[in-house]
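First comes the structure, then the notes that go with it.
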Amino acid sequence: MPFIFVVSFAILACIVVDTANHKGRGRPAKCKLPPDDGPCRARIPSYYFDRKTKTCKEFMYGGCEGNENNFENITTCQEECRAKKV
């Protein structure tokens, strides 16, 4: 029984350490926002980062308001939303 406790504790410690090592990685908060075309009707071709597919996709931006997950071109979207490594 003590052996199982020690092994369980060791596994838990490894998970905690691994989680701590990944702190600071990931994408910027703006890349986690849903696409928002805003209330205007300009229909400007833009790109947003799709969290589910982890790719940049085209959408039509209305030209006003919206949110920060809105990029003029696919290259900027990919560069800004690439997962950051520490």
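Note: Cβ is positioned from N, Cα and C throughout, glycine not excepted.
If you look up Swiss-Prot, you'll see 1-19 marked as signal peptide.
Residues within less than 8 Å, Cβ to Cβ, of CYS81 (disulfide bond) and separated from it by at least 6 positions along the same chain comprise ARG27, PRO28, CYS31, PHE49, CYS56. Secondary structure from DSSP puts CYS81 (disulfide bond) in a helix. Annotated disulfide bond per Swiss-Prot: CYS31-CYS81 (among others), in sequence order, evidence recorded as sequence analysis.
Among the features that Swiss-Prot reports, domain 'BPTI/Kunitz inhibitor' is placed at 31-81.
The Cβ of CYS40 (disulfide bond) lies under 8 Å from the Cβ of GLY62, GLY63, CYS64, GLU65, each of which sits 6+ residues away along the same chain. As annotated by Swiss-Prot, disulfide bond applies to CYS40-CYS64 (among others).
The disulfide bond annotation in Swiss-Prot covers CYS56-CYS77 (among others) and is backed by sequence analysis.
In the structure as shown, the Cβ atom of ASN73 (N-linked glycosylation site) sits within 10 Å of 12 other Cβ atoms. The secondary structure of ASN73 (N-linked glycosylation site), as reduced to three states from DSSP, is coil rather than helix or strand. Sequence annotations record features per position, and here Swiss-Prot assigns N-linked glycosylation site to ASN73.
Burial estimate for the disulfide-bonded residues (CYS64, CYS77): highest at CYS77, by number of other CB atoms within 10 Å. When Cβ atoms from all protein chains are considered, those within 10 Å of CYS31 (disulfide bond) total 21, not counting its own.
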